Amino acid sequence: MKNKTRFQTISVVSCLFIGCALYNACRKSFGVASPTIMEELSLSKIDLGSIASCFTLFYGISKFLGGILSDFLPNHILFSSGLALAGLANVAFGLGVGGRCLWWQRLVWGVNGGVQGAGWPALSAIVLQRFPRTSRGKVFAVLTASGNLGLSLSPLLMVKAMDLFDQWEAAFYSVGVIALVTSVLAFLVLAPPKGPVDPLDKGGVEGVPPPGQSKASSSTTSPSSCSRSSRSSSMGSLDQSWSWAMVGPKDVQQQQQQQLGGEQ
């Protein structure tokens, strides 16, 4: 059982690591191929800048929407679908650019930016749900490094693909196909395990049981019940003091004797 849990942990971290690296690699392909695109397609610097601006604009919007969607959608689906769409955008950019259609380039690269914002919110939610608090910092440190690794190593892969196939479209095809394959693996590996659900996945807070469930130590008195009992005892003492002040001690003693006699 322990080995199985360890294997699942390594699988989840590895899948998130590779997926996060590919998210960043899918952003880098245009920058690597842009000098060759500019030369072969006779595009101006303004044209290239407009394509890059479409990516940045939609990426900024998607970072806001991605956080909202992570609260409503299964996060393994959000993470894998965003990666798949980023891969498709790269493949579509390589296919459509050959037609020298500037609006297509802007649209496809804007879509790539629009799906990039789904990656990190879904990744963060998966880490919170699958890992204990004592190890989350280490996991986030590893996954943050994966983004830098993807940005640094992906240009080497893209340049090698361009030299191998002697066309700049290979830069988009290579990273796009790898992202598509990885998205399928991410969908399978990152699916929540069958069994007890973590309280965070039900919208709870650590240390607080989900609705309809109680802690193992439910037999202990809660603070609210203690406060209610203390208030009731204080009110009882006030009532007794008030009775002594109004009717006198002898009358109170007679009332108590009558109550005891009635109970007997």
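From the backbone N, Cα and C atoms, a Cβ is placed for every residue, glycine too.
According to TrEMBL, the compositional bias 'Low complexity' annotation covers 214-240.
Here TrEMBL flags 12-264 as domain 'Major facilitator superfamily (MFS) profile'. Averaged over the domain 'Major facilitator superfamily (MFS) profile' (12-264), the predicted model has a pLDDT of 79.
The feature region 'Disordered' is assigned by TrEMBL to 200-240.
As annotated by TrEMBL, transmembrane segment applies to 6-25 (among others). Counting only same-chain residues 6+ beyond the ends of the transmembrane segment (6-25), those with a CB under 8 A from a CB of the stretch are 79-80, 82-83, 86-87, 116, 119-120, 123, 126-127, 130-131, 139, 142-143, 146-151, 153-154, 157, 175, 178-179, 182-183, 185-186, 189-190, 193.
Here TrEMBL flags 46-65 (among others) as transmembrane segment. Residues of the same chain lying 6 or more positions beyond the ends of the transmembrane segment (46-65) and with a Cβ under 8 Å from any Cβ of it are 27, 30, 34, 37-38, 102, 105-107, 109-118, 120.
The transmembrane segment annotation in TrEMBL covers 77-97 (among others).
Annotated transmembrane segment per TrEMBL: 139-158 (among others), in sequence order. Nonlocal intrachain contacts for the transmembrane segment (139-158), taken as residues 6+ away from its ends with a CB within less than 8 angstroms of a stretch CB, comprise 13, 16-18, 20-25, 27-29, 32-33, 123-124, 127, 131, 170-171, 174-175.
Per TrEMBL, the feature transmembrane segment maps to 170-191 (among others).
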